[in-house]
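Residues annotated as ATP binding site in TrEMBL: C:Ala8, C:Tyr9, C:Ser10, C:Gly11, C:Gly12, C:Leu13, C:Asp14, C:Thr15, C:Ser16, C:Gly117. The feature L-citrulline binding site is assigned by TrEMBL to C:Tyr87, C:Asn123, C:Arg127, C:Ser175, C:Glu259, C:Tyr271. According to TrEMBL, the L-aspartate binding site annotation covers C:Thr119, C:Asn123, C:Asp124. The domain 'Arginosuccinate synthase-like N-terminal' feature in TrEMBL is assigned to C:4-165. The annotation domain 'Arginosuccinate synthase C-terminal' is assigned in TrEMBL to C:174-390.
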4 protein chains.
Amino acid sequence: MTERVVLAYSGGLDTSVCIGWIAEATGAEVVAVAVDVGQGGEDLEAIRERALACGAVEAEVADARDEFAEGHCLPAVRANALYMDRYPLVSALSRPVIVEHLVAAARRHGAGVVAHGCTGKGNDQVRFEAGIASLAPDLRCIAPVRDYAMTRDKAIAFAEEKGLPIATTRKSPYSIDQNVFGRAVETGFLEDIWNGPVEDLYEYTADPATPREADEVVITFDKGAPVAIDGRPVTVLQAIRELNERAGAQGVGRIDMVEDRLVGIKSREVYEAPGAIALITAHRELESVTVERELARFKRGVEQRWAELVYDGLWFSPLKRALDGFVNETNEHVCGDIRMTLHGGRAVVTGRRSERSLYDFDLATYDTGDTFDQSMAKGFIEIFGLSGKIAAKRDLAR
Amino acid sequence: MTERVVLAYSGGLDTSVCIGWIAEATGAEVVAVAVDVGQGGEDLEAIRERALACGAVEAEVADARDEFAEGHCLPAVRANALYMDRYPLVSALSRPVIVEHLVAAARRHGAGVVAHGCTGKGNDQVRFEAGIASLAPDLRCIAPVRDYAMTRDKAIAFAEEKGLPIATTRKSPYSIDQNVFGRAVETGFLEDIWNGPVEDLYEYTADPATPREADEVVITFDKGAPVAIDGRPVTVLQAIRELNERAGAQGVGRIDMVEDRLVGIKSREVYEAPGAIALITAHRELESVTVERELARFKRGVEQRWAELVYDGLWFSPLKRALDGFVNETNEHVCGDIRMTLHGGRAVVTGRRSERSLYDFDLATYDTGDTFDQSMAKGFIEIFGLSGKIAAKRDLAR
Amino acid sequence: MTERVVLAYSGGLDTSVCIGWIAEATGAEVVAVAVDVGQGGEDLEAIRERALACGAVEAEVADARDEFAEGHCLPAVRANALYMDRYPLVSALSRPVIVEHLVAAARRHGAGVVAHGCTGKGNDQVRFEAGIASLAPDLRCIAPVRDYAMTRDKAIAFAEEKGLPIATTRKSPYSIDQNVFGRAVETGFLEDIWNGPVEDLYEYTADPATPREADEVVITFDKGAPVAIDGRPVTVLQAIRELNERAGAQGVGRIDMVEDRLVGIKSREVYEAPGAIALITAHRELESVTVERELARFKRGVEQRWAELVYDGLWFSPLKRALDGFVNETNEHVCGDIRMTLHGGRAVVTGRRSERSLYDFDLATYDTGDTFDQSMAKGFIEIFGLSGKIAAKRDLAR
Amino acid sequence: MTERVVLAYSGGLDTSVCIGWIAEATGAEVVAVAVDVGQGGEDLEAIRERALACGAVEAEVADARDEFAEGHCLPAVRANALYMDRYPLVSALSRPVIVEHLVAAARRHGAGVVAHGCTGKGNDQVRFEAGIASLAPDLRCIAPVRDYAMTRDKAIAFAEEKGLPIATTRKSPYSIDQNVFGRAVETGFLEDIWNGPVEDLYEYTADPATPREADEVVITFDKGAPVAIDGRPVTVLQAIRELNERAGAQGVGRIDMVEDRLVGIKSREVYEAPGAIALITAHRELESVTVERELARFKRGVEQRWAELVYDGLWFSPLKRALDGFVNETNEHVCGDIRMTLHGGRAVVTGRRSERSLYDFDLATYDTGDTFDQSMAKGFIEIFGLSGKIAAKRDLAR
């Protein structure tokens with residue numbers, strides 16, 4: 001039986017060319033798999049047909065939007081996951097769901113190889129290959145763009161030579177990856193990090209500086225998951241989409257940063273993630289009301305490691321799994337409402353309420369009803385500061 | 001010789017009353033010490049004279065603004081210090097400089113006791129007393145408001161009975177602490193955390209929603225310290241003040257949060273810190289360009305612990321000192337320019353340049369000139385993911 | 001109805017006196033509760049009768065040895081919990097189980113107050129009171145020895161005056177706390193930290209220097225719990241007891257340290273915990289074979305925080321609960337056998353085997369059968385070291 | 001001018017063959033560099049002459065023992081550096097000093113390439129190449145054993161063909177790396193991790209089980225460095241060597257472990273490091289007496305990261321440098337004497353004394369002279385446990 005290769009297929013030039021290229025280079029049959037994680041654009045059926053027209057022996061498309069929202073974006077919200085305190089891991093979160101579909105297809109089709117279209121200097125190659133190694137350690141990976149130096153020019157030449165049904169115009173100046181959780185843009189002129197971004201980079205967000213009316217929203221969470229917006233029940237996917245629209249219309253969620261890639265270089269990235277930023281902002285605030293102090297302090301370190309692991313392509317690692325256990329436990333009481341004003345590029349919390357609140361009005365107030373016993377403070381301070389005081393005596397004696 | 005008590009004196013009702021109250025309660029002579037950390041308001045000389053008129057045997061005032069900016073705000077910028085990722089430690093930073101002046105005054109005047117006007121449920125009492133214990137473990141602390149239950153009503157009665165030269169009108173509804181690094185406001189109606197803040201809480205910042213022209217600023221750093229603004233050399237104090245004004249005029253730096261106090265309760269706080277937020281935003285960005293990845297990752301944990309220690313009143317602790325060593329080392333190469341747009345409540349970085357940059361255009365670019373050797377990636381991924389792959393084989397076998 | 005106080009009762013002089021003392025001081029009825037955590041010594045029934053003879057209106061005794069072993073010692077083994085890398089938390093682990101019994105008794109007897117016999121400078125007062133605050137925030141705590149300065153002399157005088165059926169001889173020079181997980185000794189001459197311990201401090205362990213035959217033991221773990229010794233199935237309690245005996249006979253598990261108490265002072269402590277040390281040594285070794293590297297590295301930080309929390313009396317805290325989730329997940333694959341030689345004060349692992357092992361002979365061997373692909377290494381090193389190399393270029397240019 | 005390659009030369013078969021092999025394969029001239037880090041064995045001059053006889057155009061030998069002890073072993077002692085809590089980084093510490101000599105030689109001889117004899121599955125290749133990348137990013141590295149698959153059989157054939165003056169007997173069953181800080185042994189039968197080590201693996205340590213007299217030693221530290229033994233002043237090198245002998249004679253410092261290599265596999269390693277273990281044991285104990293609690297708690301995390309970095313070959317990384325700053329600050333007060341009994345494989349501390357001690361007898365004692373104010377405890381516990389108590393009220397209400 002001819003060997004089969006499962007290819008992560010996007011419908012674009014590079015992966016369309018990969019179909020024939022892999023077939024020629026390896027003699028294998030190519031099964032194309034396209035996964036909808038909310039990237040928008042073409043119809044899935046059109047993508048499926050193009051794959052077949054480009055020579056795939058089979059082509060599968062999957063609507064993984066809910067699966068992605070529930071299984072990958074929600075854990076990120078619960079972990080307040082921001083790589084380098086800023087990037088909500090948009091692409092990094094989508095790779096694992098694609099990997100799951102690739103592996104399932106490889107099993108269904110008896111394929112021993114998985115192929116992807118990543119280059120050799122980004123993070124995504126690691127996310128694909130380390131992911132596949134963890135879900136299916138027996139599968140082998142190939143990356144034609146990286147391993148066979150399939151440049152854009154060679155791809156265009158190949159497509160034209162074979163008459164593939166795919167546009168071979170000069171590439172857009174922007175390299176884009178997008179899904180329902182956000183959008184990433186790289187482009188030549190941003191590689192000079194002194195240059196600021198220009199307005200036409202953006203698609204998910206309007207210009208924050210344009211005058212407009214503010215939008216007030218109330219997000220309801222249950223165990224860290226958004227379950228209602230302005231009182232209307234929503235799925236996680238619906239929450240992200242509605243907030244993409246409403247926060248995006250106010251210019252919320254633009255990120256322009258220099259980021260540390262896993263492969264050791266710094267790169268300039270522009271992201272827009274209005275829904276993600278709005279949700280994480282609201283979620284953190286609800287945590288500050290419902291999570292006990294020492295747990296909250298420790299969770300910050302866990303959040304950082306979680307974000308690093310996912311950024312670094314280790315979604316399926318044992319450590320990520322164990323951190324998820326911690327994060328889920330922490331979200332047990334993250335239930336309640338956050339009221340937010342979306343306006344001028346900012347998502348600003350203006351109110352919080354929760355039946356699981358640890359904010360105790362009677363302890364916090366300085367007005368009538370204060371129940372805090374101030375006489376306890378003297379003893380507390382004395383003992384809290386004692387180890388430092390003893391050290392000071394020693395240090396001052398010198 | 002009569003015992004002497006050094007009192008941290010603000011010029012307000014509570015500490016004015018403390019002068020006589022302490023004298024009566026303890027028989028000691030009171031030395032009033034007022035420290036200017038940029039809180040604005042009255043003239044220092046007027047404050048000095050009021051202290052004497054209220055019965056202090058001596059009154060000292062000190063302009064500590066530069067000392068505070070260089071010695072306390074700058075380390076916080078270098079540590080990107082934000083308690084709970086949000087609060088730039090405004091009051092927490094000023095207490096140590098006041099403590100230093102109190103201890104120096106106690107030594108000059110032969111005092112064995114230091115007094116402050118804090119209540120028993122806040123953080124400041126700890127910052128004063130743990131600070132004094134670390135600088136002068138032999139000194140004793142008293143806190144009349146806390147230890148002798150000196151309520152506001154009793155203070156007013158005392159002031160009126162003694163005819164003290166201090167206004168005894170009903171207290172403002174706002175409890176305010178401010179210095180050059182920012183301003184903190186607490187007030188009754190904010191104790192309902194579902195209530196949003198109102199515009200007249202704010203003094204350092206204009207309404208972000210008011211339409212106005214954006215302001216572009218270039219901040220130059222040397223070893224993590226701001227040394228020029230738009231090319232004009234500045235001291236740290238000047239940098240904070242200019243950015244307070246310019247970022248404040250754009251509504252930058254408002255913070256509304258529920259915070260974990262050291263004494264174990266959660267409290268609602270509203271802060272405004274336009275200069276602090278602008279500086280830390282710029283500083284973090286310059287770090288992302290100039291600090292190596294593993295160092296940057298570890299530094300986040302150090303920053304969190306630094307902020308917690310300072311918030312918790314442990315400025316003078318051995319751990320804080322050792323963390324400063326780490327932070328200073330990290331700032332060695334944090335030199336260069338950050339261009340920022342201040343507008344609509346946001347401080348947005350649009351450009352970075354540095355002679356110490358680790359951003360390497362030739363490695364980052366996907367265009368001509370790319371020097372990154374992509375053939376290295378395959379081996380990297382294989383070994384980077386190997387421990388996870390071995391674990392996966394084990395786990396999948398079950 | 002007369003108020004009732006539940007007293008943590010040991011049967012010794014101090015708590016025997018507390019019964020009458022509390023009754024006199026508060027007018028309440030005292031319910032004595034004694035919990036057997038394997039401390040040995042007197043029969044529980046004799047203790048119960050003494051409590052009644054000393055004036056308790058009710059006296060309850062509970063054999064909590066299995067509960068303690070399963071619910072408190074086992075989590076400590078899973079967390080490899082050693083405070084300051086040395087102390088296996090002997091007393092710190094037993095307080096929570098006693099607290100659970102006290103609270104249950106308070107509920108059964110309608111008591112509003114819980115009393116314990118701790119002094120004001122140790123850790124145990126915190127463990128009792130913070131524990132009770134977490135299990136029953138409505139209960140109040142009293143500590144006669146601390147709060148009413150009930151010194152030993154006063155206790156003896158009280159006992160003699162009331163004719164209590166308890167020996168009032170001069171206290172032993174040793175202050176001892178012991179349970180099935182270990183034994184703690186403090187004594188006057190050890191307060192000079194230059195003095196070494198003497199042989200008669202020890203009861204659980206023989207002199208390691210005495211020549212004797214070595215003892216080889218094989219411990220079988222399932223999910224981190226000891227389930228068999230030398231092939232014989234055991235409960236956790238049986239495992240601890242057998243290893244106390246066998247490791248103790250070889251002098252294993254003596255600890256002499258200067259420790260940081262929660263109340264801010266350093267104190268000299270001598271412990272012996274042969275079973276605990278043998279189990280943790282074996283468990284760590286099995287983890288090193290079965291736990292993936294990144295998970296293992298992160299777990300060390302979790303272990304440290306776990307030990308600190310439990311030492312600090314925060315067994316019932318939200319953070320401790322969340323850390324347990326992490327630790328349990330980590331122990332999922334900690335299954336297999338550890339062979340150990342117990343001899344001369346040392347527990348030395350000599351063999352490990354596990355069906356969940358991540359040790360892969362074919363990857364590790366340098367002999368025939370080596371499957372490690374060395375050609376991957378070059379790419380790995382190049383990219384692994386790249387961020388450091390870029391930084392070096394910058395740093396060396398200066 | 002002919003290109004020059006600097007080769008890390010040990011005098012053994014592999015690197016002797018490398019000289020000619022590299023010359024043949026690359027046409028370059030080979031400069032051999034041998035560095036004495038206390039590995040013992042042959043005379044340096046004999047090694048130098050063999051290199052020349054094997055075809056090196058130049059051969060340099062350096063006695064780096066003091067440099068290694070002061071510059072590499074001492075920082076490890078200050079950091080209490082034990083990888084996976086057990087391995088004192090013996091080989092990992094020596095690679096950086098060798099790298100420094102290689103780079104210096106490359107500069108002196110105008111070489112553009114550095115060669116080493118490591119295989120592709122160990123840690124040492126990373127330590128060499130990442131080290132060289134950090135000290136001299138312009139130099140290229142080659143590793144004939146790894147890159148050109150120079151197996152032992154090929155090496156023997158090459159040596160015999162060329163008549164090299166080097167023994168080509170079958171390799172010893174043991175693969176050994178040793179220096180003054182310790183000794184590492186790998187061997188075939190240990191690759192079955194159920195097999196225990198046998199006595200003839202060991203050279204630095206006597207059998208712990210042999211009955212003999214105990215040896216008592218007093219080590220004096222200044223700022224974390226050993227400066228005297230039993231009152232006699234010593235250099236760091238002398239301290240390590242004397243303790244190697246005395247602790248080794250008592251069987252102290254044997255380590256048998258399964259360790260996580262950087263390349264992702266687990267491997268079985270046997271080490272002996274009597275001096276290192278004795279010094280670190282004593283140093284930790286002195287820290288527990290002289291370092292304040294919060295600093296000590298944080299330092300554990302720093303120590304772990306320090307050990308991981310050095311193990312992982314990142315000695316010259318920016319993070320390692322910054323951690324050193326922290327560690328040095330921490331050692332500022334680590335001055336004093338530790339008395340230890342070396343016996344039966346154990347190094348047991350029996351006494352500590354220090355002018356910088358934070359142990360305060362008057363606070364610690366329960367006897368006459370106690371200055372601890374127990375009345376402070378109640379307030380401390382109340383506030384220390386408050387956040388947990390508030391959380392408990394919430395949690396119990398459900």
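Including glycine, each Cβ sits where the backbone N, Cα and C put it.
All protein chains shown were included, and the count of other CB atoms within 10 Å of the CB of C:Ser175 (L-citrulline binding site) stands at 14. Rounded to the nearest whole angstrom, the C-alpha distance between C:Asp124 (L-aspartate binding site) and C:Ala8 (ATP binding site) is 12.
Those residues of the chain, other than C:Ala8, C:Tyr9, C:Ser10, C:Gly11, C:Gly12, C:Leu13, C:Asp14, C:Thr15, C:Ser16, C:Gly117, with a C-beta within 8 angstroms of the mean position of the ATP site C-beta atoms are C:Val17, C:Cys18. Proximity to chain D (Cβ-Cβ distance under 8 Å) holds for none of the binding-site residues C:Ala8, C:Gly12, C:Asn123, C:Asp124, C:Arg127. C:Ala8 (ATP binding site) falls within a strand when secondary structure is assigned with DSSP.
Each of the binding-site residues C:Tyr87, C:Tyr271 was scored by the number of other CB atoms within 10 A of its CB, and the lowest score belongs to C:Tyr87. In sequence order, C:Ser91, C:Ala92, C:Arg261, C:Leu262, C:Val263, C:Tyr311, C:Asp312, C:Gly313 are the residues of the chain that are 6 or more apart from C:Asn123 (L-citrulline binding site) and have a CB within less than 8 Å of its CB.
In this structure the residues listed as binding ATP are C:Ala8, C:Tyr9, C:Ser10, C:Gly11, C:Gly12, C:Leu13, C:Asp14, C:Thr15, C:Ser16, C:Gly117; their two most distant Cα atoms lie 13 Å apart. Counting in whole angstrom, C:Glu259 (L-citrulline binding site) lies 18 from C:Thr119 (L-aspartate binding site) by their C-alpha atoms. According to DSSP, C:Glu259 (L-citrulline binding site) is assigned to a strand segment.
In sequence order, C:Cys118, C:Lys121, C:Gly122, C:Gln125, C:Val126, C:Arg127 are the residues of the same chain, not among C:Thr119, C:Asn123, C:Asp124, whose CB sits within 8 A of the CB centroid for the L-aspartate site. Mean predicted confidence for the domain 'Arginosuccinate synthase C-terminal' (C:174-390): the pLDDT average there is 95.
Most Cβ neighbours within 10 Å among the binding-site residues C:Ser10, C:Ser16, C:Thr119: this distinction goes to C:Ser16. For C:Ser16 (ATP binding site) paired with C:Ser175 (L-citrulline binding site), the C-alpha to C-alpha distance reads 17 Å. Using Cα positions, the member of the binding-site residues C:Thr119, C:Arg127, C:Ser175 nearest to C:Gly12 (ATP binding site) is identified as C:Ser175.
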